[in-house]
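I have placed the structure first, in the form of structure tokens, so that the comments after it can refer back to it.
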Amino acid sequence: MRAITALFYVFCFVVPSALAQLRQGFYGRSCPRAESIVANVVANRFRRDRSITAAFLRMQFHDCFVRGCDASLLIDPRPGRPSEKSTGPNASVRGYEVIDEAKRQLEAACPRTVSCADIVTLATRDSVALAGGPRYSVPTGRRDGLRSNPGDVNLPGPTIPVSASIQLFAAQGMNTNDMVTLIGGGHSVGVAHCSLFQDRLADPAMDRSLNARLRNTCRAPNDPSVFLDQRTPFTVDNAIYGEIRRQRGILRIDQNLGLSGSTRGIVSSFASSNTLFRQRFAQAMVKMGTIRVLTGRSGEIRRNCRVFNNGR
């Protein structure tokens, strides 16, 4: 825990502009129970559905990588006015109802105080810890965005080349280590439909026993899904990196991380040390949560996470 905390403070000095108006305990006076309210809502859901961790990791990534961490993903589409939710890459994002419940309780306790963007960040952090991942502190003070346009969505697909993924992450201020950490860490509890990894099933380098098992699963109708980490599918840990080293990465991007000269060493380091992975994952999650945040008087604090306050 001390190492993770230290990493957070080191990062604060490295990127001061992004964190200038974010701080730990932002709601200490204005809404003292804010973080505990979110934690309780997430814990209640996790007890019934351990897959919610994967859902929140996907939600935060898809929100932050489009115009920054501003909860623009949460806006519902309306007739004649589509939103980020309307796009194909976001069709599989789920967990919105958990954010709604946390917002309902927060509005009852502290009206118009806690942003939806902070709820997403806190809910993801709490779900990671519940899934056996690292416990880490996150700064709060984000505000909610005023735009949600499907034309802004440009998210990586499962077959993106490593070089293109590095460029995409770099455009968000994230480095190669962050990329390997977030992709592997996110996929450690994720699933994928068979239609997304047909290219891997045709790859003769893929582990034969895994290939046979996946082919058998994928014969079923309605595009079945499989766990991306076949060893510890509900735990945020380093197991998926070991699988990648053994040619057992299910998505093309996962396996390519273990093959590319730019990322192979990072994969090996994480496969060898869960402690290192946990430290880097905590650092990368904090860093991702600061991408182009709105603070101060920018944006708004939504009353309903699905609708802009002016009803647009």
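Each residue, glycine too, has its Cβ placed from N, Cα and C.
Automated prediction, rather than curation, is the source of TrEMBL annotations.
So that you can see what the record holds, here are the features copied from TrEMBL:
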type	residues	note
ACT_SITE	His62	active site, proton acceptor
BINDING	His187	heme b binding site
BINDING	Asp229, Thr232, Asp237	Ca(2+) 2 binding site
SIGNAL	1-20	signal peptide
Alpha-carbon distance [Asp237 (Ca(2+) 2 binding site); the residue listed as 'heme b binding site'] in Å:
10
Among all chains shown, work out which of the binding-site residues Asp229, Asp237 has the most CB atoms within 10 A of its CB.
Asp229
Determine, for the Ca(2+) 2 site, the additional residues of the same chain whose CB lies within 8 Å of the mean position of the CB atoms of Asp229, Thr232, Asp237; present them in sequence order.
Ser188, Val189, Arg231, Pro233, Phe234, Thr235, Val236, Asn238, Ala239, Ile240
Can you check which residue among the recorded positions His62, His187 has the largest number of Cβ atoms within 10 Å of its own?
His187
If you draw a 10 Å sphere around the Cβ of Thr232 (Ca(2+) 2 binding site), how many other Cβ atoms fall inside it, taking every protein chain shown into account?
17
Using C-alpha atoms only, work out the spacing between Asp229 (Ca(2+) 2 binding site) and His62 (active site, proton acceptor) and round it to an integer in Å.
20
